[in-house]
């Protein structure tokens, strides 16, 4: 019932599903429910609440539970949201494996643990899958669906259909790979950003502007492959024109950074001046970020319907 668990609960309730939120501590659950209520009421007031139901109707669909067996009784889909710790996640899936039937889907929110590390050896491995959301899932709809080598294709299809139904944007990976796709792309960008700042080419704040007021504006609507397609007379033409230049630049990329030392100090100082590392300030900035994402999501929905 942490940040990701709460967000998933809200997404499923917005889709009209009954949700049981499970945790081992009653106090944790009580405060999670209070937090959900507060967020839903605020979003309803601002006109950005997801789904066709009112905040009260959605809240009525969410109940809390400290008993795992009672929590999963009658469930068709179980989304695990424990901290990113392999042993902890394996422990909960071992427990679930003993109490679930043969039709429920067992899904993990992990952002980097491979399905083969999480699910191998489970009796219900064919029903296991990773559904990796982007933080925060309520505002960013992408979900990466990653199968275990033994996952039944119907598990993938059912998970994909459910994610579509609740308003998320699922993508299917054909096989597991370290970091999945989102983090591989993100880490590639972070890696080059880190080198450029570390080598004194650009300041940390200007580097972020290159993304937020440059590439990011384009990528909010189209991906890098469609960008290639539109920036020439199709992808083949783009490659004819720019392949040599791209290879020339890519060959100058340095090794994977250590993410330590002087560059950490430089980046941390610049970001701390802009956003001081104080809980109140960080929370306010995160709230602003979520409001921006909500506005962008509304705009994208509106543009699709137009």
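Using N, Cα and C of the backbone, Cβ positions are placed for all residues, glycine too.
As given in TrEMBL:
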- 1-174: domain '3-hydroxyacyl-CoA dehydrogenase NAD binding' (DOMAIN)
- 132: site 'Important for catalytic activity' (SITE)
- 179-244: domain '3-hydroxyacyl-CoA dehydrogenase C-terminal' (DOMAIN)
How does the model score the domain '3-hydroxyacyl-CoA dehydrogenase C-terminal' (179-244) in terms of mean pLDDT?
97
Sequence gap of 6 or more, C-beta under 8 Å: which same-chain residues meet both conditions with respect to residue 132 (site 'Important for catalytic activity')?
108, 109, 110, 111, 143, 144, 146, 180, 182
